[in-house]
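Chemist: Submitted below is the structure of interest, expressed as C-alpha cells.
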C-alpha cells in the first residue's frame, strides 16, 4: 500500500521535507519497505509550493487536507498555537496521524493534543519540536526507558548559542553579535523569543514532560534571557574555568521538578561547554546509563526536515503494517513544579555602579544582611566613572539573591542598568 | 499480560539488568504499561545468580530457557560466537524474541541471526552491542531514516580512549597507561582485543551495516591498534592543532564502503576531540541532518544494562500489543568494500632511526621514489644515539605509504622498531 501524506506549511522546514521526499522516495521503498506519497500541500504562499514543484497538489485551505479521506498522515509545519492547533486537532479528530515540528503547540497544548490523539486512536509525533535534527524525543521514549532520568539539560537555541560563542571568542558586544546573527539568518528581525529564552523554555517543557513522565508546560518554566550578558562576563567566567551558555535545565528533585532557562556558568570541561555556534546539544543523565549527550544542528531546513521525515516514515511504517500507536502520552505522574525562589545554587552577579565612595561598603552590607556568603568580589574600573563589580557567591537561596539585587537597585544613584546574573551549574 | 523474560549470562551486564528490573518493575508498569517478569536465569556461575537474589529461578542449562514455552524474550549476555550463537539461534527458532549485547556475534554472524529471526517472525535487538548505553542503533534505524548517511565514525572503545587521554594529558607512556587502565578495571588482563582495535572493528561493522544498508562484517574492517603510539606523537599532534583518537571510521564513497579502525589525527576543534577518558561517542553525518553526535559511557554495568533493558522493554511493548517485528534486517543493498590500499589521505609517520650520517637523505629519497609528497619533516634527538623523525605527508595513496615504510624498514641498521603511523581525518 501507499501511505498518503498531506503537508501544511511550505516554509523552510516544509520545503526541506518536500525535497527529501522527492530525493529519497525510492530509497525509502527499498530500505524500509515504505511507500510514501505526498498527495496534498497547503500553504499561505502558493509561490513557495510552486517553487518546490508541488503546484499541482496545492490548496490554500488546510481543510482540504484534514478532510481528505485518502490522507493517512497530516504534517503540520506552520507553527504557532492558533491555526496550527486547529490543523492538528481537526486532523486527529478526522482520523489522521499527525507529525508536527511545533514546539509552542506541544509546550502549551500538549495534553490536549495527546488526549485528542488517544481518543482517536492515532499517533502524534513531534521529534522536530526540540533540537532540530537531533534525535532526542525518540531516545527518551524508547532507548532510555529503562532509566529514571534525573537531569535533562541543554543548549536548545542556536541563535543565542551563536551570539554567546561570538561574544566569548571574539569579544563582540551583545548588540553586534545580535546584528551579525540577524545578517547571517540565525536570528529573526524580532529576536525576542530567542534572546529572552522563550524558545528554549518551550523546548525544555517538552523534554521535561517526557523525561520525568509528568506534564510541564511553557508557563511552568522560569525564564531569563541573555540581553544583560556582556563579553566582560564571558571573560570573567573563562578566568574561573567556566563557560557561559543559555541552558535549558530540568532536574528531578525529591520535592518536584526544577525547570528553568537562564544564562548558566558550566565548567569548561563539561561536555556541553564545547558546543558552539548554532549547534545544539541535549545532555541527559539517567540512573543506569549515567551521562549521555545528543549533539547536532538545532535548526535549518535539512536538520528539521530530517526529524519531521523520520517521524513521517516511522508513522508510515506503522500505517503500512496496520499497527496503532505504540506510545501515547507518557505523562503518567503528577510531580509538582519547584518554585524558583526555593532553589539553592551559586551565583555570578555583575553590577555596574557609579564610582562613588562608600558604594562597595553599602553593597557588602546588603549581601551580609541577607546572609548571602560571597566567595569572591572583583572590581573593574570602566570609562565614564563607572565600575564593574563582580560577585561570585557561595551556595545561596534564589529568593535571597533577588532581595539582594532589589535592595542594591534601591541604593541612591548607584546602579547603572540591571545587573548581569548568571547561575552556576556544577 | 505479563511478558516473560529469560536471561542467559549473569556477569557485569546481566547483573545490571537484574538490578534494573528489581528497581524499576513498578515504574515500567506505570509509565509504559509494560509488565515484565524475569522468570529464568542461566549462568555458568550459580554464585553470581545467588548474589542477585535470583537463585530460585536459576538454571545451569540455557536450554531450559530457550525451550521454556512461557518465555517471550531471551536475553543473551554471555558474549562470544560459540555458545552465544547457539543460544540466540535456538531461541529464535523456538519462537522467542532475542535481545543481545553481543558485538562479536552480530559483526560476524549478523546475517544468519537476522535471517533466522525473519524466518521465525521474531525480533532481534542489539542496541547494547555498540557504545554501551549510548542510543545509536535505534536512532539509525528510526529517527535518522530520512537521511542518506555519508559517514559514521566514533570513539567506540573506552579502554584505548582512556589510555590515549592519559598519554596526551599526562605524558604517560603506552605501557604505564595500559597498566593503569588494567588496575582501574578499564582493561582486561589480555588487552589485545581493545588495544589492537578488534573490539572497535566489530562495532563499526555493525554501525556501517545499518547506516549504509549493506552488510559489513568484522573481516571487512581494516584494523590497526594503538600499541606503536607514544606520548611524543600525541604532543606532536597537539602542536599541529590535532588530537589523536582510536577512531572507528566508515564512509560511504562512490566506489563503495571505506571502513577501518586506526589511530587517527582529528582537528582539536572536532566534536569528537573532547571526548575523553572511558567515554564513547559516535559521530554521524547525514545528507539532511548534517552533523550529529551521540555521547555517553561506552561500557560498564549500568550503561550496558540501560541499553539491553531499553531493548527488552521495547520488545515487551510489542509482545504486549501483539505487534510483530517492525524492522528486520536493514541490509537491502550490496555495496562493495573499498580496499584500504586505494585510500588517499594525509599521514603522520614517526620513525625511530639510528643517528647515522646519510639516513635522512636515504629516507627522503624513498619518499620521493614513491611520489609521496612530504608536507613537513621534524627531527628530534633521543637518548642512545637514536633520532625520532616525524613526517607529515600531503594527500597520498595508502599503498604508496606502505611501500615507503617497507623500503625504509629495509635500510641497513636504520629502523628501531616499527614506525608510528597515524592517519589524518580532516
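Placement of Cβ uses the backbone N, Cα and C atoms for every residue, glycine included.
TrEMBL labels come from automatic prediction, so no person has curated them.
Bear in mind that the values here come from a model prediction, so they are computed numbers and not experimental data.
Just lifted these from TrEMBL, have a look:
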{"type": "ACT_SITE", "residues": "B:203", "note": "active site, proton donor"}
{"type": "BINDING", "residues": "B:8, B:9, B:10, B:11, B:12, B:13, B:14, B:15", "note": "NADP(+) binding site"}
{"type": "BINDING", "residues": "B:103", "note": "NADPH binding site"}
{"type": "BINDING", "residues": "B:188", "note": "L-homoserine binding site"}
{"type": "DOMAIN", "residues": "B:348-423", "note": "domain 'ACT'"}
Chemist: Below 8 Å Cβ to Cβ and six or more residues apart, same chain only. Which residues does that give for residue B:13 (NADP(+) binding site)?
Modeler: B:77, B:101, B:128, B:301, B:304, B:305, B:308
Chemist: Would you mind reading off the Cα separation of residue B:10 (NADP(+) binding site) from residue B:203 (active site, proton donor), to the nearest angstrom?
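Modeler: Between the Cα atoms of residue B:10 (NADP(+) binding site) and residue B:203 (active site, proton donor), the distance comes to 22 Å.
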Chemist: C-alpha of residue B:8 (NADP(+) binding site) to C-alpha of residue B:103 (NADPH binding site): distance in Å?
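Modeler: Counting only the Cα atoms, the answer is 16 Å.
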Chemist: Measuring C-alpha to C-alpha, could you say which of the binding-site residues B:9, B:11, B:14, B:15, B:188 are within 10 Å of residue B:103 (NADPH binding site)?
Modeler: none
Chemist: Roughly how many Å separate the Cα of the residue listed as 'L-homoserine binding site' from that of residue B:11 (NADP(+) binding site), to the nearest whole number?
Modeler: 14
Chemist: If you run the three-state DSSP split on residue B:8 (NADP(+) binding site), which class comes out?
Modeler: strand
Chemist: Can you grab the distance from residue B:12 (NADP(+) binding site) over to residue B:203 (active site, proton donor)? Cα atoms, rounded to a whole Å.
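Modeler: Residue B:12 (NADP(+) binding site) and residue B:203 (active site, proton donor) have their Cα atoms 19 Å apart.
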Chemist: Between B:103, B:203, which of the recorded positions has the fewest other CB atoms within 10 angstroms in the structure shown?
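Modeler: Comparing Cβ neighbours within 10 Å for the recorded positions B:103, B:203, B:103 has the fewest.
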Chemist: Express the distance between the Cα positions of residue B:11 (NADP(+) binding site) and residue B:203 (active site, proton donor) as a whole number of Å.
Modeler: 20
Chemist: Among the binding-site residues B:10, B:12, whose Cβ has the fewest other Cβ atoms within 10 Å?
Modeler: B:12
Chemist: Out of B:11, B:14, B:15, which of these binding-site residues shows the lowest number of other CB atoms within 10 Å of its CB?
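Modeler: Per-residue Cβ counts within 10 Å for the binding-site residues B:11, B:14, B:15 bottom out at B:11.
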Chemist: Return the count of C-beta atoms lying within 10 angstroms of the C-beta of residue B:9 (NADP(+) binding site), excluding that atom itself.
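Modeler: The Cβ of residue B:9 (NADP(+) binding site) has 27 Cβ neighbours within 10 Å.
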Chemist: Which whole-number value in Å describes the distance between the Cα atoms of residue B:15 (NADP(+) binding site) and residue B:203 (active site, proton donor)?
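Modeler: Residue B:15 (NADP(+) binding site) to residue B:203 (active site, proton donor), Cα-Cα distance: 23 Å.
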Chemist: Would you mind giving the whole-number mean pLDDT across the domain 'ACT' (B:348-423)?
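Modeler: Across the residues of the domain 'ACT' (B:348-423) the model's pLDDT averages 90 on the 0 to 100 scale.
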Chemist: Residue B:9 (NADP(+) binding site) to the residue listed as 'active site, proton donor': how many Å between their Cα atoms?
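Modeler: So the alpha carbons of residue B:9 (NADP(+) binding site) and the residue listed as 'active site, proton donor' sit roughly 21 Å from each other.
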Chemist: Expressed to the nearest Å, what is the distance separating residue B:14 (NADP(+) binding site) and residue B:203 (active site, proton donor) at their Cα atoms?
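Modeler: Roughly 20 Å, rounded to the nearest whole number.
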Chemist: What does DSSP call residue B:188 (L-homoserine binding site) in the simple three-state scheme?
Modeler: coil
